[in-house]
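Under the heading transmembrane segment, TrEMBL lists 6-28, 40-59, 84-109, 121-146, 176-200.
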Amino acid sequence: VSSSHLQLAAFALGTVGWILCTVSMGTVEWRVWHVDNTTIISSGIAWVGIWKVCFISYLQVSPGYKEQSCHKFSGYDSSIPAEIYAAQGLLLIAMFTSLLGLTATIFALRNIYMGITHKTLITRFFLVGGCFYIFAGLCVLIPVSWNFYSVAHNQSIAFPPSYYMPSSPVAQEVGAAIPVGIVAVILLLLSGIFSLLYRFPVTTNAITK
């Protein structure tokens with residue numbers, strides 16, 4: 001048990017990383033667009049996520065009343081950039097593989113804390129868990145970096161007319177989902193490294209005369 005403190009930390013970090021990965025995937029604020037035409041986008045701000053785009057609109061039928069309007073991305077929208085579709089797939093893979101990493105780590109820690117001294121089995125499960133964590137972290141890193149690059153270069157998106165979105169914003173900034181994803185990457189990579197550092201303790205038997 002005394003030799004598995006890092007791996008216990010890996011489990012804790014991996015759990016938080018998995019949660020943050022899930023939060024980042026479900027958050028719509030990946031890219032915050034500032035638009036000058038407020039006819040429909042009344043607040044002048046739209047949020048572009050990896051699953052949908054949302055904005056606040058004031059209904060003319062009820063002055064002063066506002067609602068959030070969202071349009072989900074369809075799989076056949078060729079105008080949606082590749083970094084958004086890549087983020088969808090990679091984050092789903094990251095969520096699944098990090099969950100596998102947690103499962104492998106839990107199994108290895110269970111054997112340790114129950115006193116099951118099966119050296120090869122425990123070491124292999126920590127190794128598998130560490131690889132899953134690192135792979136998941138890289139799967140999150142790619143879409144986070146790609147979308148951050150798109151925001152930094154103020155890249156446009158040719159939305160379909162039914163979205164009521166301009167193709168180019170006046171300016172855009174990083175949304176909350178990207179920093180959350182960055183923290184998830186750090187935690188998942190750290191948990192992977194900690195899991196890979198496990199070494200089964202070597203015991204020596206003293207010979208007495």
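Keep in mind that glycine also has a Cβ here, set from the backbone N, Cα and C atoms.
Unlike curated records, TrEMBL annotations are generated automatically.
Residues of the same chain lying 6 or more positions beyond the ends of the transmembrane segment (176-200) and with a Cβ under 8 Å from any Cβ of it are 3-4, 6-7, 9-11, 13-14, 16-18, 20-21, 23-24, 27-30, 49-50, 94, 98, 101, 105, 108, 119, 122-123, 126-127, 129-134, 136-137, 140-141, 143-144, 147-148, 151. Counting only same-chain residues 6+ beyond the ends of the transmembrane segment (84-109), those with a CB under 8 A from a CB of the stretch are 4, 7-8, 10-11, 14-15, 17-18, 21-22, 24-25, 30, 48, 50-51, 73, 121-122, 125-126, 128-133, 135-137, 139-140, 142-143, 146-147, 188, 191-192, 195, 198. Residues of the same chain lying 6 or more positions beyond the ends of the transmembrane segment (121-146) and with a Cβ under 8 Å from any Cβ of it are 7, 10, 14, 17-18, 21, 24, 50, 83, 86-87, 90-91, 93-95, 97-98, 100-105, 107-108, 111-112, 178, 181-182, 184-189, 191-196, 198-200.
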